[in-house]
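Annotated active site, proton donor per Swiss-Prot: H185, in sequence order. For H285, the entry in Swiss-Prot reads active site, proton acceptor, with the evidence type similarity to another entry. Annotated Mg(2+) binding site per Swiss-Prot: D183, E209, E235, in sequence order. Taken from Swiss-Prot, the feature site 'Increases basicity of active site His' applies to D258. Sequence annotations record features per position, and here Swiss-Prot assigns site 'Transition state stabilizer' to E310.
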Amino acid sequence: MKITKITTYRLPPRWMFLKIETDEGVVGWGEPVIEGRARTVEAAVHELGDYLIGQDPSRINDLWQVMYRAGFYRGGPILMSAIAGIDQALWDIKGKVLNSPVWQLMGGLVRDKIKAYSWVGGDRPANVIDGIKILREIGFDTFKLNGCEELGLIDNSRAVDAAVNTVAQIREAFGNQIEFGLDFHGRVSAPMAKVLIKELEPYRPLFIEEPVLAEQAEYYPKLAAQTHIPLAAGERMFSRFDFKRVLEAGGISILQPDLSHAGGITECYKIAGMAEAYDVTLAPHCPLGPIALAACLHIDFVSYNAVLQEQSMGIHYNKGAELLDFVKNKEDFSMVGGFFKPLTKPGLGVEIDEAKVIEFSKNAPDWRNPLWRHEDNSVAEW
């Protein structure tokens, strides 16, 4: 079997799908994207495609090493996202050829279900509370929400109080009947993170995500030393080498590699194993589409330390398409009591509605994240 063609489809809301075709008619799907940089990743995919056409798709490990090591300059969000989507598609092909789900090819199940959590948006506490009530009705009891809006490098007590007030009202409304993580989104400087984390501790959030930017990872162990709240990070780390430094330094309790950013299934399985050796748990980052989610689920079901799975159903970014709009076998992604079951169809287990993908790709938006500014007109972290 040989790879004959690679096609990319930019799609709403901010996704990109990839299709790898073979000379025997077996097709694999992947999801390579950096949100807001889809065209750049698309160019990288097709550059890497020069290494792949005519090659045997079953040699996943070798092809991964070729894509990573054949270029003198390597790594980073663009190239690793391109590799990630290609890697997903190669695993999809292998599973289809062998008539087996990917998790079976990786040694079989380590659990029977994985807890999912849902993002809850809203600018005011009442909106967040209403959103949680709706999601609880369909089985969710674990959520993630913004921990704050933009904060100055050194900000005032009013800004801190506003962030804490939202969390306080949520905990008061639901008590210990729900769990929620708070996403700082890298918006908070190290000095302000110390202040905000201390103020949030009484409300017992499940975790605090990206308390500072990944570029400031040296602060993770320092922040962890002052709090009992687990710290989470990883969506802006792109290889096992990035994660190695964080694991060695300590401070992070929950790693959040993104299966569409950090080298795909092949690389993230290695990252999961590294994390387990440090007694660090895994909760793959996934505010993306169904192929990315499927890849995450296969890692969840073969990684002992996987504890939570993010998913984008109903997320505020999903304008123009919802999580399962391009999926034929929607029922396989059904959650029971807030848990996903293993996908059982061969490969990644996602049956893509290709005609719909082609149609929607004709008018795909070029999504960009907002540009925020502080009161003094300097650029703020989004």
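Every residue, even glycine, has its Cβ placed from backbone N, Cα and C.
Owing to the predicted nature of the structure, the values given are computational and were not obtained by experimental measurement.
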Fewest-neighbour residue among recorded positions, criterion Cβ within 10 Å, set D183, E209, E235, E310: D183
Sorted by sequence, non-D183, E209, E235 residues with Cβ within 8 Å of centre, Mg(2+): K144, G181, F184, H185, E210, A232, A233, Q256, H285
Between the residue listed as 'active site, proton donor' and H285 (active site, proton acceptor), the C-alpha gap once rounded to whole angstrom: 12
Rounded inter-Cα distance in Å - D258 (site 'Increases basicity of active site His'), E209 (Mg(2+) binding site): 14
Rounded Cα-Cα span from the residue listed as 'active site, proton acceptor' to E235 (Mg(2+) binding site), Å: 6
Which recorded positions sit within 10 Å of E310 (site 'Transition state stabilizer') - Cα, from D183, E209, H285: H285
